[in-house]
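Report on one structure; see the data block that follows.
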């Protein structure tokens, strides 16, 4: 019998949960749109205050006064691991599924607000700035959040079905939890690489760009 590769397992997983992946992706992009809408709903004074602090930050960045890469990496991996770990735990809790929806939506809002504000205030320069400050880490981080969110929801639904059929969670196969834990490890590895990008790549790109803008 041919051994099933990890690629085949992943493709089968996506096929089996395609509707969930679509739902989670739509929820995330709704958050992105909502984040951009929040930018447009801000008053002029609010935008000016926020842009002032942002300009101060970019000014320090262009002067090479940003925090050390090691500190940024530590803060980034801690934040991402905490957020993803909470999603994972909520998937086991069954009743935490609505909170997973909210967390995915909020992640979209953060991305949408960040990009929307930079573009709104700085035009084309803001677009390129968001490109170098947001894109590198989020190339891996956004898929990690979407996969973790989908797996957490799918696992929670599986436990709910088990609860209604068996009237107990004690009969749930231990393999479920093993696979679910493996998913978390893979996602945390993606988050680790993403944090490396955020700490060591994005600041370099931002420093080069801000030195031309500020």
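Placed from the backbone N, Cα and C atoms, the Cβ positions cover glycine too.
Because the structure is a prediction, the values reported are computed rather than measured.
Taking the topological domains listed in Swiss-Prot, residue 47 lies across the membrane from residue 162. Range 109-129 is the one annotated as transmembrane segment, of 46-66, 109-129 (source: Swiss-Prot).
DSSP places the residues of the topological domain 'Extracellular' (130-139) in helix, strand and coil in these numbers: 10 helix, 0 strand, 0 coil. The highest tally of CB pairs under 8 A with the transmembrane segment (86-106), across 19-39, 140-160, 181-201, is held by 140-160.
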